[in-house]
Amino acid sequence: MALKKPGSLTIAGSGIASIGHITLETLALIKEADKIFYAVTDPATECYIQENSRGDHFDLTTFYDTNKKRYESYVQMSEVMLRDVRAGRNVLGIFYGHPGVFVAPSHRAIAIAREEGFQAKMLPGISAEDYMFADLGFDPSTYGCMTQEATELLVRNKKLDPSIHNIIWQVGSVGVDTMVFDNGKFHLLVERLEKDFGLDHKIQHYIGAILPQSVTVKDTFAIRDLRKEEVLKQFTTTSTFYVPPRTPAPIDPKAVQALGLPATVTKGAQDWTGFQSVSPAYGPDEMRAVAALDSFVPSQEKAVVHASRAMQSLMVDLALRPALLEQYKADPVAFANTRNGLTAQEKFALGLKKPGPIFVVMRQLPSAIASGQEPSQEEIARADDATAFIIIYIVQG
């Protein structure tokens, strides 16, 4: 048997809820990896990774740009991880949620690493779907469940099955392949829902809570209401739709008898499918993206983590200590004022008990940091919770 080359790649997920969804296995790897690459959406998780890493760390979202195709960014994310693997380092890549669900760079990097003879594996993480099963309280094995990305659903003209659970991801970025999210094509998804389920069927709009200050979104709408402007503006890049069964499929008595099952059986079978890749790893588009890496200059307009050590430590404690979180929620202003080492802006943001202000005080532009500029209380209070997070992956197109 041929020996594996020095260097390895492990891909892990940070889950959805800040810090608390990171598994003990992933934490152990964070502490041992030679180099960590991460793409996470909240600053508390970013701080936690940096604090616990022994080696270098790099934020993969640096490769995003509003004037750049996301696929190009994904190729570059994969390639920078692979370069360190090829250099003999033990590399850990961390992605928001489950690292294999709606994440293109992770699959690409693992496939190429294995093909080149390196050890490469993926560890599971908590996805938005896992979070949804817990928060909305339905079992996908009852009646069956179909999960699809909104744009993929439309471009392949797939029908939604009214007899099963349907989960539709990325409803806030229909038809978008850049980092500009206007959702101008959302009406096309509504048309499909109207056609397959009717105007009166109810769906649930879901966003799992991320920061300790976040509140899980579980709003119910009739399909006819999805065209209303005041409803449409509630959907963001982190939004997922749950469409419950309209009419469950009837039980087939002959099948029940042939299988020797009780007459009261109600559950259907699950189908399992594998993943196939039919595209070359390094075609013309991929080679252009790789070539651009050597001249890539990170944008100075990308906010970076900038928070006091006290704030970083407190956000970890709020994520991992339920009793402390309850104490904070009971009186956030009084709680914040008793914490030593926090800046005035951090105390103010904590007192608002909302995720948006936390993002504002924990991430700043490099130019603002260099000049000593701090966000005003007005800017902190104005922070929009709905747009505080940017979902950073989409299914391969």
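Glycine is treated like the rest: Cβ placed from N, Cα and C.
What Swiss-Prot records for the S-adenosyl-L-methionine site is Tyr96, His98, Val101, Ala128, Gly208, Ser239, Thr240, and among Gln50, Gln76, Gln170, Gln300 the residue it adds there is Gln170.
Between Ile207, Ile391, Swiss-Prot assigns N-methylisoleucine to Ile391; no such entry appears for the others, which is not proof they lack it.
DSSP gives Tyr96 (active site) a coil state; it is part of no helix or strand. You'll find the Cα of Arg70 (active site) roughly 16 Å from the Cα of Tyr96 (active site). Rounded to a whole number, the distance between the Cα atoms of Tyr96 (active site) and Tyr74 (active site) is 14 Å. Counting every protein chain shown, the Cβ of Arg70 (active site) has 20 other Cβ atoms within 10 Å.
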